[in-house]
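Below is one structure, written out as structure tokens, with a few remarks after it.
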């Protein structure tokens, strides 16, 4: 990829001369789709990013949100950071290193804000599970995430995994991170004062990851696994762990004025964006950069995406103290230049190789005005499998099967904050500094957004909010990772517009600010584009750290709360297994009131278990609830067994309660409540639908749901 003729003409006009090779490469990378969001930026204004608890919104390395005081409800002095990134193309070329460095990058984004990383979430998307190449990528990605996350001591506590044919040539690896800081430790990526020093801190610079930003802004071709391997970074988690602790010490000692991690476009990207955000410039001597490879030229030093590096703005009088911290943690430290009130200037070997306006470099890329075609929903053409066949196929499908094989590889309890572990609707982290539980949910469903991009994305937002509410928490804020194919194709761009508007509309309805995010386009390969995929990572808060599990106790009545409407089957796993088509299910009319009511119900002493109804429908929700305790469920009044069991209409929760009247009272005027049966001590699911009856032991269900683990072990 190279700077387009039209972009080159703009740059030449701005500079008043031809760009140097280093300048041309910098503009190529910083004006790429990956960095400049040229096709998506015009759409992102749909998101509401402000709110009473939002301290720092979009535009920094990570967002910052104040936690509520559990006694007063006012903002506390304890903040969380939220960020999300994609490492899609690199994870196709090299699944282990691509995924591992994705973790490292989002953790450093967290550190840039003066925060300590406390939790990770991974949302992963692959081709059909039956294909060997999909399994190869899946295993490599999970190994990369677990290796890096476990080594740095940050727990991966929640996430999602989805399989869909259209990811075969382009998997998605989306990783979110939550960090913890406070009002006195907050750092931003906005340079403060001319005369301050720019310090490159961390690992030495090599040639790995060269041109990674431009690589991420083009379609993958058939030879990507070999030809594009140099564009994939290689991580060192042990250096990252030292960097985390060193950064914590620097922030504690107030030695950092501003910070930016070195990710896309390397040193050139981080340093130019840092000063541009402050309306300033820089003078950088590239010869001063500590390097691990000989004979590196200016372009390589500027654009290499070597990992575990930070760019700090430091007061001159603090440079020695910063160097001492680097020495303590066996990390490199180079004073590479100064913050100025002029241009962004880089010299190498006594010559000026870059001299341009920092803001023009960082923010001057022209936006794309692209054509789009509005998606249409499919007609109804539903299959007619018998109920037993349908139940076993859907419960055993890789999309709905147990993901224990994934999360048992992650150290999800390191840090001693994990109160509710992976495998539930949402994770729950103990933030003792504020006395609140922090719920954390992440994911999307490509079947939903492939069927109906707008309504499917609305459902993604509502499902994440329902996951959080089912654990007794109220949504706080969200970040998104918007993944799409080649936006120059009108049908692809139409689907992408749909997921942007759908997420934005539902988050606005729920009063959940979308405080940051990431866009990844050109996820296209010779096999075609990916489904439009709006990964959403959402947090919520509640007093205390207790929550009802997604497992039955055996003592209560079973209720389904929420309105499934006509229970259409569009986007369902049933259709994925048996073919056919249908409209996407309608969403509830008052989702915000429903979420508040569910959170209240989850916190009742009489509530013993809660589990949202989503992927795989009510059938999978009931199967997942059964363990030592069982369920006797009677849906005899339902005329359409397939719809009632397999519709994935969101905004519904199964509740086990010893006080059903309290649940009905709280939902009066908000959403319907249906009594469907009782929890038992049998360890069996006894299910009657119409005139048909199904019966499965917990062991039967576990066997059906173990397809991933059994296949990969």
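In case you wondered, yes, glycine gets a Cβ from its N, Cα and C as well.
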Per Swiss-Prot, which one of 108, 242, 288, 497 shares the substrate site with 86, 87, 88, 89, 233, 305, 306, 307, 520?
108
In Swiss-Prot, the ATP site includes 37, 517. Which of 77, 480, 555 does it also list there?
480
Can you check which of 1-20, 41-60 Swiss-Prot lists as region 'Disordered'?
1-20
Considering only the recorded positions 34, 109, 480, 517, 518, which residue has the minimal Cα-Cα separation from residue 86 (substrate binding site)?
518
Around the Cβ of residue 109 (Mg(2+) 2 binding site), the count of other Cβ atoms that are within 10 Å:
28
Find the shortest Cα-Cα separation between residue 108 (substrate binding site) and the binding-site residues 85, 261, 480, and name the residue that gives it.
261
Largest pairwise Cα distance, Å, within the listed substrate binders 86, 87, 88, 89, 108, 233, 305, 306, 307, 520?
21
If you count CB neighbours within 10 Å, which one among the binding-site residues 86, 88, 307, 518 has the smallest count?
518
In sequence order, what residues of the same chain, 6+ apart, have a Cβ less than 8 Å from the Cβ of residue 261 (Mg(2+) 2 binding site)?
61, 105, 108, 109, 111, 112, 270, 309, 310, 311
Entries of 34, 37, 307 which, being recorded positions, have CA atoms within 10 angstroms of residue 85 (Mg(2+) 1 binding site):
none
Of 305, 480, 518, i.e. the binding-site residues, those within 10 Å of residue 34 (active site) when Cα atoms are compared:
518
